[in-house]
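Here's what TrEMBL has on this protein:
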TRANSMEM  6-29  transmembrane segment
TRANSMEM  62-88  transmembrane segment
TRANSMEM  124-144  transmembrane segment
TRANSMEM  165-189  transmembrane segment
TRANSMEM  209-229  transmembrane segment
Amino acid sequence: MITIHLGFLTAFMLASIRATVFLVFCPPFSNRAFSGRIKAMLGAGLGLACTQRIGPVAQTDFFVVECVIQAFIGFSMALMVRIILAAIQMAGSLLDLEGGFAMAQAFDPLTMTNQATFGRVYELTAMALLFTTNGYQLLIMGLARSFTAMPPGMMFDMSNYAERLVYRFAELTMSALEIAGPLLLVLFLTDMGMGLLTKVAPAMNAFTLGFPLKIMVTAFFAPAIMVVLPQLVVKLVDVAVKSWTGVIL
């Protein structure tokens, strides 16, 4: 006869809820290419593996409230990762806006958003690099460590989380500008050159020549930024794991 300890069953359910919500919202697992069934099975597997870290959980009269808290913790960790990794996509969007590719936006059914060329390319590259650089393993390891640092039943510090979230939003803009900054400077100098050319030759239509020239410059120099993306993705994932670790410790 198999006996199941109710405390371990409760711990398994709470751990599975946190892990599943984390996988649903955290890139790269949040991509719609991963079916919901796979996410649920992986979340249950991670929850079962992390149950030994938690140990049996005492029965509580507020089980539903505890489930909501675990779901919120998983969502908060995933949101922190999404904000930090969005710097790469934002850098591509800045290049699209300045280089003239923003006019060719298309609807992406995987992310359910409108994205232009380089914003989508940089995002797909970052998602691929999360697997090739084993960044996804760091995310799963951070999720497992969160059960040791903050097992079910502990209170979640909202003030500390809100402070770090605002800081990461500001860091998102700075990171995007640092990534796309060199090419944005080149495009700005291109605009200045076209303006000076208009002064020298007023008959030349700088508006007509400007768009093809900026598109050519963007397409020529944008791949150079992708050289630094592997190291950047590893750094951003490490920052994300340390961010939510600092929140729950």
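Counting starts with 1 at the first residue shown.
From the backbone N, Cα and C atoms, a Cβ is placed for every residue, glycine too.
For the transmembrane segment (6-29), the list of distant contacts is 36, 39-40, 42-44, 46-48, 50-51, 54-60, 63, 66-67, 70-71, 73-75, 77-79, 81-82, 85, 126-127, 130-131, 136, 139, 143, 146-147, 152: same-chain residues at least six beyond its ends, Cβ to Cβ under 8 Å.
With pairs at least 6 apart in sequence, the transmembrane segment (124-144) and the transmembrane segment (165-189) have fewer than 3 Cβ pairs within the 8 Å limit; the two do not touch.
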